[in-house]
Amino acid sequence: MVLQAIKYTRGSLQVLDQLKLPYHEVYRDIRTVQDAWDAIHSMQVRGAPAIAIVAALSIAACLARLKNTGADPALLGSDMSGAGPICDNLQLLLTSRPTAVNLADAVRKLEKVVWQAQAEPESTDYSINEAYIQAAEQMLVDDVQDNENIGNYGADWMSRHTITAFPAAKLSVLTHCNTGSLATAGYGTALGIIRSLHSHGHLKRAFYTETRPYNQGSRLTGYELLHDNIPSTMITDSMAGALLGTKREEENISCIIVGADRVAANGDTANKIGTYGLAVLAKYHNVKFIVAAPRTTIDLLTPTGQDIKIENRKPIEVTTMRGPTLQSSSDGSVTVGKDVQEIAIAADLTGAWNPAFDVTCHGLIDAIVTEKGVVEKDENGDFNFEKIFAD
Ligand SMILES: CSC[C@H]1O[C@H](OP(=O)(O)O)[C@H](O)[C@@H]1O
């Protein structure tokens, strides 16, 4: 089974409800733009590239149903067709989550497609709709290829910048959050590099953090690594320092690989909360720290990390945890039950701080791996993205 966060055919869009993973695989129908907004905002679907793709395809699916079926009950009364309504819906979707730039990048590109289609001689709502649908569908196709390129560029860079015994030796790496097929259209970014290292026979073990409070690591990255039979070990977020400090061969981390939600023009990177601390640990322990991100995550319009808006989410997401019930058997074995329960894990359910992201300054980042190649700092310690945007 291929791991699919997004299931799309023209006129139909479903997302894998990631709030229920890893124990329950439930797909949700996305029949309206509001359905997409709700799924993104609640983090049923999450991950910078996946958020942008689901948003774009939610409008495409509605437009296709309008064309194919005339009047879809879910769309009755909603003015979807044509440049204006499409752009209004794109702007609505933009409000679902603020930090990841991929969504804003997709909105900018799709609005341009729509206005250009409207400017065509004899354009009609349907010709504009069709232009939009094709552009949105292309995003889904491009993302998987981009991720495979990131994977290969990243694996190649590591072969030249980590242990000298490469390729004979194998590397152990640490990753944070989830940056795989569940955060993208497929293969993944940072997890894509781990997949490429593994497929090239160069991965000893992938360590991954649980990534509190949403547990993208323990629930999603663990789910993906198990699915792909990649040797992996989970650690709690608080164990990262001890892991980097150990000098035992089997836990010797050569590189920390993370994704990104927004890379500013100077290379400062917003990513899942906890990333900055890992970058500081990497610097202290002389371990490489690389960011994997498609160009749609690089925001040349945002000068530095200080200009990135960080999403603050509800305290209740920190002070509670959700998971399936466990059933113990007389032989001591434990099985996972069907019922999902939510439990309080804090004395005060209201007092937590819950920023969803933090910013890692570019000085702590050794390389930014994109689908067009690896960007490293110049002799002045600055990142320059001109080359990868040249085409
Ligand atoms: C492929 S980049 C995924 C990126 O998004 C995650 O955030 P969230 O789960 O809140 O959407 C995390 O920051 C990952 O690095």
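Glycine too: its Cβ is placed from the backbone N, Cα and C atoms.
Look at TrEMBL and you will find Asp261 tagged as active site, proton donor. According to TrEMBL, the site 'Transition state stabilizer' annotation covers Cys177.
Taking the C-alpha positions, the distance from Asp261 (active site, proton donor) to Cys177 (site 'Transition state stabilizer') comes to 12 Å. Residues within less than 8 Å, Cβ to Cβ, of Cys177 (site 'Transition state stabilizer') and separated from it by at least 6 positions along the same chain comprise Ala183, Thr209, Thr211, Gln216, Gly217, Thr221, Val258, Gly259, Asn271, Lys272, Gly274, Thr275. In the three-state DSSP classification, Cys177 (site 'Transition state stabilizer') falls within coil.
With a 10 A radius on its CB, the residue listed as 'active site, proton donor' counts 31 other CB atoms from all the protein chains.
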